[in-house]
Amino acid sequence: MKLTDNEEITMNGTREMETTEQETSSPCSLVIEAFPVKKSIIVGYALTSKKIKSFLQPKLEGLARNKGILFVAIDQNKPLSEQGPFDIVLHKQIGKEWRRILEEFRLAHPDVTVLDPPDAILHLRNRQSMLQCVADMNLSDSNGRVGVPKQLVIKKDASSIPEAVNNAGLRLPLVAKPLVADGSAKSHELSLAYDQHSLLKLEPPLVLQEFVNHGGVLFKVYIVGEAIRVVRRFSLPDVSRRELPKSAGVFRFPRVSCAAASADDADLDPSIAELPPRPLLERLAKELRRGLGLRLFNLDIIREHGTRDRFYVIDINYFPGYGKMPEYEHVFTDFLLSVVQSQCKKRALADQY
């Protein structure tokens with residue numbers, strides 16, 4: 001199978017919901033008649049300038065307007081309670097003060113959906129706890145098994161790393177990632193350490209993961225509510241056990257999905273290029289939505305080379321770069337409509353009692 005480093009593959013190659021502009025001129029057409037919504041859905045957003053540029057693209061805003069959705073910037077210099085009214089608050093900001101403000105707003109405005117709860121997002125900012133939900137799940141069925149690579153947390157003192165690695169029984173090479181995953185460029189950096197001496201060059205706090213050969217391909221699994229899309233990306237190349245003794249040093253990469261971008265075109269074995277089974281991804285996504293309390297995130301998944309059904313989750317990111325996801329505009333606007341539909345149902349049911 002031919003794959004360029006820019007190729008993107010969706011699970012089914014098509015949108016799950018095909019709607020024309022005429023059909024979606026009012027969001028009421030996508031909501032059950034028994035639970036009508038108002039004509040305009042107001043989505044307040046608090047995003048970084050980088051996220052605004054990549055996410056709030058003209059095509060998204062145009063499609064959203066056609067569906068009755070308006071994006072309104074939140075002024076973080078003014079009290080949040082004095083802005084709006086909002087149906088949904090969409091955010092990706094960090095800091096204790098912002099979390100406090102948002103939590104107070106959630107309690108005072110239970111009818112507004114905050115995507116996503118700040119405390120739940122915080123769970124993904126630490127790579128020590130990030131993958132614990134997957135590890136605890138121990139997901140295994142007829143479609144495959146999903147786990148996490150063996151890993152070790154080093155909070156300080158690089159001189160202690162070789163001994164800690166030996167005590168933990170980790171095998172070289174090891175992937176080193178910053179402990180804090182705050183969305184910054186630095187938090188996406190990774191290093192590949194081939195030998196004991198190179199471990200001393202690493203900079204704690206960090207997480208060390210055993211490197212799993214995976215054919216140089218990873219799968220980015222985007223979750224938007226209940227929707228799932230998969231994009232195939234190049235990754236770090238496999239490491240031969242036979243060649244390992246000849247390798248030494250630390251190799252640094254800006255992020256794993258860019259690590260092998262220089263590979264240009266590659267002819268991939270179908271067993272490497274094949275997407276993970278959809279039923280397995282649906283079950284994994286469902287369990288993670290419940291376990292993490294999040295609806296907007298993505299997973300970096302690899303398949304162990306030489307197997308068909310052994311998968312590892314190596315990273316989870318909140319509110320990732322959806323602009324890189326095929327047809328994200330349709331997926332995301334349909335998701336926002338479903339959120340408001342759920343709000344309307346709850347209000348209608350509450351009014352009956």
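Any Cβ shown, glycine's included, is placed from N, Cα and C.
These come from Swiss-Prot:
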| type | residues | note |
| --- | --- | --- |
| REGION | 1-25 | region 'Disordered' |
| BINDING | Lys50, Lys92, His188, Lys220, Asn317 | 1D-myo-inositol 1,3,4-trisphosphate binding site |
| BINDING | Arg127, Lys177, 209-220, Ser235 | ATP binding site |
| DOMAIN | 138-350 | domain 'ATP-grasp' |
| BINDING | Asp300, Asp315 | Mg(2+) 1 binding site |
| BINDING | Asp315, Asn317 | Mg(2+) 2 binding site |
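With all protein chains in the displayed structure included, the most crowded Cβ environment within 10 Å among the binding-site residues Asp300, Asp315 is that of Asp315. Distance from the CA of His188 (1D-myo-inositol 1,3,4-trisphosphate binding site) to the CA of Asn213 (ATP binding site) is 20 Å. The DSSP secondary structure for Phe211 (ATP binding site) is coil. Taking every pair among Lys50, Lys92, His188, Lys220, Asn317, the residues listed as contacting 1D-myo-inositol 1,3,4-trisphosphate, the largest Cα to Cα separation comes to 20 Å.
With the fewest other Cβ atoms inside 10 Å of its Cβ, the least crowded of the binding-site residues Gln209, Asn213, Asn317 in this structure is Asn213.
Listed in sequence order, the binding-site residues near Phe219 (ATP binding site) (C-alpha within 10 Å of its C-alpha) are Asp300, out of Lys50, His188, Asp300, Asn317. Among the binding-site residues listed (His188, Asp300, Asp315), Asp300 has its Cα nearest to the Cα of Ser235 (ATP binding site). The distance from the Cα of Asn317 (1D-myo-inositol 1,3,4-trisphosphate binding site) to the Cα of Gly215 (ATP binding site) comes to 23 Å.
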